[in-house]
Each structure stands twice: as C-alpha cells, then as structure tokens.
Amino acid sequence: VLVESLLVFSVVLSVHAVVWDRFSWCALALAVQAFYVQFKWDRLLQQGGAVFQFRGAASSGLLPASMVIPLLGVVMKERCRAAGIVYFERFGVVVASTGMLLALFLSVLAVGITKPVPTNTCILTGVAGSVIIYTMKHSLTVSEVIEVLEVLLIFVYLSMILLYLLPRCFTPGEALLVLGGVSFVLNQLIKRSLNVIEGRGDPIDFFLLVAVVGVVLLGLFFTVLFTFMDSGTWISSLFFHMMTAVLGLGVIMPWLYRLIQRNPLFWLLQFLFQTQTRLYLLVYWTFLAASACGVVFYQNAKRSSESKKHQASTITRKYFHFIVVATYVPGLIYDRQLLYVAAVLCLAVFIFLEYVRYFRIKPFGQTLRYLLSLFLDERDSGPLILTHIYLLLGMSLPVWLFPRSCAPTGTLPGAGALVPYSGVLAVGVGDTIASVFGSTLGEIKWPGTKKTFEGTMTAIFAQIIAVALILIFDSSVNLNSSYAWILASVSLVSLLEAYTTQIDNLLLPLYLQIMLMA
C-alpha cells in the first residue's frame with residue numbers, strides 16, 4: 001500500500017509540475033488526506049466495521065481511486081484551455097471539482113464511522129475539505145456548483161442501493177470510480193435532455209450516455225422485481241425479455257430520438273455501414289468475436305470431469321487480452337468513431353448477458369454460469385462477474401474520454417497523440433506481457449507482492465515496442481520528441497500494476513491517459 005501510494009503521489013506531482021494552478025494544489029491536498037484516510041478504511045474492512053460488504057483480499061484503494069477523476073478534469077481543462085475551447089475548459093473544471101467532492105465524501109464517511117474518532121485524520125480532512133471548497137467557491141459559477149452537488153446526491157443514493165444489492169463486488173475505491181462515473185453520466189444525460197434545443201453534442205456522445213444509463217436502470221428494475229419472484233422460471237424469463245423490449249423500445253429509443261433528433265435505429269445502421277472501411281472492420285470484428293467464443297467453448301471442453309474446481313490459468317485468460325488488442329488497434333488506426341460506437345454496443349451486450357447469467361434467465365442463464373465459471377479469479381468474489389466488463393471499459397474509456405472537441409486535427413500534440421491508445425498499451429500490452437512473462441519466467445518478486453521484476457521490465461519494454469509500432473502504422477501520431485515523458489509514464493503505470501490490489505484493467509489505462517494528456 002505504501003509503494004502504491006508513492007506511485008500515485010508521483011503521478012500527482014508530475015501533473016502538478018505541468019499544470020500549475022489552484023486545482024493542482026487542491027489535488028495535492030486531496031492526495032495527502034486520502035493517504036491517511038485510506039488506512040482508516042483498511043482497518044474498517046479488516047474489522048468488518050464498514051457499512052457495506054466490500055471485496056475481500058484487497059486494500060480499500062481510496063488514494064488511487066480518489067485521484068483519477070480530479071486529475072482527468074485538471075488535464076482536460078488544461079488541454080481545452082490551450083485549444084481555446086471555453087465550453088470544454090469549464091467542463092474540465094466541473095469534472096475536477098466533482099471528483100474531489102466525491103472523494104472527500106468517501107473520506108468523511110470513513111472518518112465518521114471509525115471508533116474512536118481519529119483526531120489527526122479529522123484535522124487533515126477538514127483542512128483539505130476547506131481548501132477544496134474555497135477553491136470551488138472562487139472557480140465555479142452557481143449553475144456549476146448545483147451540477148456538482150447533483151452528482152454528489154446521485155452518487156449517495158446510487159451507492160446505498162447498489163452496494164447493498166451487490167455485496168463483495170467492489171472495494172471502496174472501485175465503488176468510487178464506477179459509481180462516481182455512472183452518477184456523472186446520469187447527471188449529464190439529464191442536463192442535456194433538458195437543454196436539447198441548444199443542439200450541442202455529437203450523436204455518438206448521446207449514444208454512450210443513453211446506453212450506460214439504460215443498462216443501469218434496466219439492472220435496478222429487474223433487481224427490485226426479482227426480489228419478489230423467482231427469476232429462474234420460464235414465466236419470469238419471458239417477462240424479463242418482454243420488459244427489456246418494452247423499456248428499450250418505449251423508453252431508451254424515444255429518449256435517444258429526443259437527443260439526436262432522428263430515428264436511432266436508422267441512424268445506427270447508416271452510421272455502421274457508411275463506408276467500405278467500416279464494413280471490413282465489422283466483418284473482422286465479427287470473426288474475432290467468434291474466435292473469443294471459440295476459446296470459451298474449447299477451454300470448457302477441456303475441463304476435467306475429475307477436477308472439482310478446475311480454473312483457467314492466467315495465460316489462458318490473457319488470450320482475451322490479445323483478442324481485444326487485435327480488435328482495438330485497427331479501429332484506432334482506421335476509424336475511431338466506429339470503434340467508439342462499437343465499444344458502446346459491446347458494453348451494453350456484456351452487461352445484458354451478465355444480467356441473464358446473474359438472474360438465471362432461460363434459456364441461456366444457466367449455460368452462461370457454467371461456461372464463465374471457468375474463468376473466475378479472486379477478484380470475482382461477489383455475485384457479479386465483472387472482470388471482462390472491466391477489460392472492455394479499460395480499453396474503451398481512453399477512446400470515450402478523448403477530448404475530440406479540443407483536438408481540431410483529430411489528435412493531440414506530443415505524447416497526447418497516444419491518449420486513445422492508453423488502454424491498448426496499459427492493459428492490452430503491458431498487463432498481458434507482465435502476467436505471461438512474470439508467471440512463466442519470473443523469479444525475483446517485488447517486495448510484498450506476487451508480481452515479479454522480470455514481468456514488470458518486460459511489460460515496459462513491450463509497451464515501448466508497441467509505441468514504436470504505433471508510430472509506424474498510425475500516421476496521425478506525432479510525438480514531437482516527448483519520448484522521455486512517455487517512458488516515465490509507461491514505467492510508473494507498470495510499477496503501479498505490480499503493486500495495486502485494485503482492478504488493474506480499470507485503473508491502469510486511466511492513469512496512463514492522465515500522464516499522456518498532461
């Protein structure tokens with residue numbers, strides 16, 4: 001935990017050195033108090049004193065999770081300020097302020113339920129909170145303050161509902177990242193739905209917002225419903241499929257129609273088959289999806305009937321990382337907008353299939369439970385299987401969060417040109433190579449972890465090779481001699497992979513994106 005915290009502080013100081021303003025000072029204050037409060041959360045988890053049941057065998061992860069959203073907002077604000085896009089500069093300010101307030105709320109919660117009350121930590125939290133609130137008072141307009149408080153309110157209610165319904169699925173840090181992100185998306189969707197006359201925004205952005213909120217609301221609806229009835233019967237399954245169609249066609253489609261001002265299905269079909277390149281990519285991705293399904297069926301066919309608890313090896317699970325890299329790289333090179341929309345569709349399908357598996361919806365629920373049980377690891381300790389969804393999110397978030405409006409040429413200058421590739425580099429290449437080489441050839445372990453020195457070094461080397469290949473095949477990438485910063489960013493994130501106990505598929509791409517955008 002100490003080394004993980006040191007690495008996070010290194011990222012915060014690196015961003016602070018580049019972006020020297022009041023929000024970077026707030027980020028420093030937040031990091032210091034989150035470091036102290038993190039140990040209070042860890043103690044609560046060990047003693048079973050936390051309000052909800054969190055994922056075991058992992059630290060609270062408060063510090064690394066607390067810094068992600070604020071730092072993303074800070075670097076986005078700076079990039080858009082340099083591009084002269086005032087609207088998105090203010091958006092970055094709102095993102096940073098929201099992230100700081102959510103992290104501060106989680107810290108106050110931990111301090112409040114710790115007995116006896118930790119005096120020194122209370123003082124630190126009070127000082128950091130005063131600095132953040134003072135900065136927000138002098139940086140945000142009244143409407144922006146209201147927006148930040150709306151996200152906080154949504155986050156509080158969403159946390160109480162989902163952490164109660166889904167025990168042992170998240171650590172406190174992962175809950176902050178996932179539920180904070182969903183709360184922000186929901187608030188943005190409500191805001192844009194009310195101000196649709198302004199005509200701001202790209203249809204693909206609206207598609208992302210509606211898809212995320214739609215699948216979350218669908219899950220909440222069926223979770224409440226199936227507490228009163230058995231979800232495994234044919235009648236319940238029929239009702240599930242019927243209500244999914246009703247909610248999709250009766251709520252989500254009209255909502256999307258209001259936002260994009262055209263028929264969503266016709267728009268989607270026209271978008272997907274607009275060019276011949278897109279047709280080739282869709283055929284190629286269909287082949288890769290079939291290959292991934294083939295891996296699942298083949299590994300299950302090999303499952304030994306004598307083995308009571310046969311699990312797929314680490315190397316076997318990394319097959320999917322290679323398939324995902326082969327999926328994303330052509331999309332990033334040839335058509336990023338298509339990749340953006342395809343990733344949204346894939347996320348919706350993954351979450352829907354997880355609902356089918358979790359609720360045992362006929363005819364495929366029980367089959368999915370059997371097939372996917374082979375690929376479980378220690379992080380899937382709750383009722384949901386989330387690692388494959390986290391892998392998709394880790395690869396997609398750098399594409400979705402790329403500030404397209406602040407990059408008129410379609411790419412950012414310098415190391416920022418690699419921002420959409422953050423997921424490919426950190427998870428697809430770095431994490432995969434570290435796991436494969438570390439588990440097969442690694443002998444020297446990092447102190448206090450199961451990860452090896454050899455795995456980390458080969459991961460860094462592999463990512464440097466990947467950057468060189470991106471430079472060769474993607475003509476839009478021009479690094480402008482920022483190689484030292486790229487090497488430092490890749491090295492920091494690879495070391496973080498070795499020491500973090502959080503979901504690395506989600507955390508590592510975001511930290512690499514922050515460093516590259518800075």
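Glycine residues also receive a Cβ, built from the backbone N, Cα and C atoms like all the rest.
Counting only same-chain residues 6+ beyond the ends of the transmembrane segment (7-36), those with a CB under 8 A from a CB of the stretch are 62-64, 66-67, 70-71, 73-75, 77-78, 93, 96, 100, 103-104, 107, 120-121, 124-125, 127-129, 131-132, 135, 138-139, 488, 492, 495-496, 499, 511, 514-515, 518. The transmembrane segment feature in TrEMBL is assigned to 7-36 (among others).
The transmembrane segment annotation in TrEMBL covers 117-136 (among others). Beyond the ends of the transmembrane segment (117-136), by six or more residues, the same chain brings 22-23, 25-26, 29-30, 32-33, 36-37, 40, 97, 100-101, 104, 107-108, 111, 145, 148 to within a C-beta distance below 8 angstroms of the stretch.
Marked as transmembrane segment by TrEMBL: 148-166 (among others).
According to TrEMBL, the feature transmembrane segment maps to 206-226 (among others).
Look at TrEMBL and you will find 238-257 (among others) tagged as transmembrane segment.
The annotation transmembrane segment is assigned in TrEMBL to 277-298 (among others).
Annotation comment: TrEMBL describes 319-334 (among others) as transmembrane segment.
TrEMBL lists 340-360 (among others) with the feature transmembrane segment.
Among the features that TrEMBL reports, transmembrane segment is placed at 381-401 (among others).
Here TrEMBL flags 421-441 (among others) as transmembrane segment.
Sequence annotations record features per position, and here TrEMBL assigns transmembrane segment to 453-473 (among others).
Summarising the annotation, TrEMBL assigns transmembrane segment to 485-512 (among others). For the transmembrane segment (485-512), the residues of the chain that approach it from at least six positions outside its boundaries are 3-4, 7-8, 10-11, 14, 57-59, 61, 64-65, 68, 72, 171, 173-174, 177-178, 379, 386-387, 390-391, 393-395, 397-398, 414-415, 418, 422-423, 425-427, 430-431, 434, 446, 448-449, 451, 455-456, 459-460, 463-464, 467, 479, judged by C-beta separation under 8 angstroms.
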*Long-range environment of the transmembrane segment (381-401) - Cβ separation under 8 angstroms, sequence gap at least 6*: 55-57, 72, 76, 166-170, 208, 320-321, 324, 328, 332, 336, 339-340, 343-344, 346-347, 350-351, 354, 357-358, 372, 375, 419-424, 426-428, 503, 505-506, 508-510, 512-513
_Using Cβ atoms and a strict cutoff of less than 8 Å, what residues sit near the transmembrane segment (319-334) while being 6 or more residues removed from its termini?_
277, 281, 284-285, 288, 291-292, 295, 342, 388, 391-392, 395, 399, 420-421, 423-424, 427-429, 431-432, 473-474
*Among 277-298, 340-360, 421-441, 453-473, stretch most in contact with the transmembrane segment (206-226) (C-beta, under 8 angstroms)*: 340-360
*Do the transmembrane segment (421-441) and the transmembrane segment (340-360) come together with 3 or more C-beta pairs under 8 Å, pairs six or more apart in sequence?*
no
_Cβ contacts under 8 Å made by the transmembrane segment (277-298) with residues that lie 6+ beyond its boundaries_ = 319-320, 323, 326-327, 330-331, 334-335, 338, 342, 371-372, 374-375
